[in-house]
Amino acid sequence: MKPTPKAVVIFSGGQDSTTCLFLAIKEFGKENVEVVTFQYGQRHAIELDKARWIAQDLGVKQTLIDTSVIKAITTNALMDDQAEIKQTGNTPNTFVDGRNALFLLYTAIYAKSQGIQTIYTGVCETDFSGYPDCRDVFIKSMNVTLNLAMDYNFNIRTPLMYLTKKETWALADQLGAFDYIRTHTHTCYLGVEGGCHTCPSCLLREKGLNEYLEEKGNV
């Protein structure tokens, strides 16, 4: 008898990863979905509380992995409370070198230990933030690398890769999770409850939300 397929979601408690979680639950069933959350020294630590609450509320197993050692070898505005968030060249200073590679590697190690092949991550290159590790070419490359490194058939899914934020809100609505995601998820880089309305992450989220609500109101 074949084992029941399962999935693991790289989960921050934000809009994108929570949308992926609802997608995974819809396809695999709540009892067959887990989430992995990373503590990497992020200044918006409130997201860890949100992730914990959402996982408990939806009844999915959460594994917390501490990768904060990365603070000893790199610096950026996402991990420095005193840094001003700004664009530096083509890449914003909120970019954490190696973060998504690290997340995927650790998640894959965990997934294999649990007999899980499907990994969801909410990366997206449409509303491009300038993060090189959010590009489809990187994810595909990492998928091949992990399969070779562990001799295992991982399937990394990126359902939001080519969606705008407006389309991501629309997807949440289709999943019956619009109000839940709007109310309970955290996106703000500065860690402000309800959003600061000024950081790039808040502005992108609010722009997409307003565009979707305007479109929905005109239908």
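Cβ atoms are placed via backbone N, Cα and C, with glycine included.
Here the structure is a predicted model, which means the values were calculated and not measured.
Listed in Swiss-Prot for this protein:
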- Phe11, Ser12, Gly13, Gly14, Gln15, Asp16, Ser17, Thr18, Thr19, Cys20, Leu21: ATP binding site (BINDING)
- Cys188, Cys196, Cys199, Cys202: Zn(2+) binding site (BINDING)
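Taking Cα separation as the measure, Cys202 (Zn(2+) binding site) is nearest to Gln15 of the binding-site residues Phe11, Gly13, Gln15, Ser17, Thr19.
Note: Gly13 (ATP binding site) has non-local neighbours Thr37, Glu47, Leu48, Asp49, Lys50, Ala51, Arg52, Trp53, Ile54, Thr185, His186, i.e. same-chain residues 6+ apart with C-beta under 8 A of its own C-beta. Cα-Cα distance from Thr19 (ATP binding site) to Cys196 (Zn(2+) binding site): 21 Å (rounded to the nearest whole number).
In the three-state DSSP scheme, Ser17 (ATP binding site) is classed as helix.
Nearest Cα neighbour of Leu21 (ATP binding site) among the listed binding-site residues (Cys188, Cys196, Cys199): Cys188. Sequence-distant neighbours of Ser17 (ATP binding site) (same chain, 6+ residues apart, CB-CB distance under 8 A): Val9, Ile10, Phe11, Val35, Ala51, Tyr120, Thr121, Gly122. Put simply, Gln15 (ATP binding site) is 15 Å from Cys196 (Zn(2+) binding site) when counted between their Cα atoms.
Close to the recorded Zn(2+) site, the chain also has Thr187, Tyr189, Leu190, Val192, Gly195, His197, Thr198, Pro200, Ser201, Leu203: residues not among Cys188, Cys196, Cys199, Cys202 whose Cβ is within 8 Å of the site's Cβ mean position. For the binding-site residues Leu21, Cys188, Cys199, Cys202, the ranking by surrounding Cβ atoms (within 10 Å, all protein chains) places Leu21 first.
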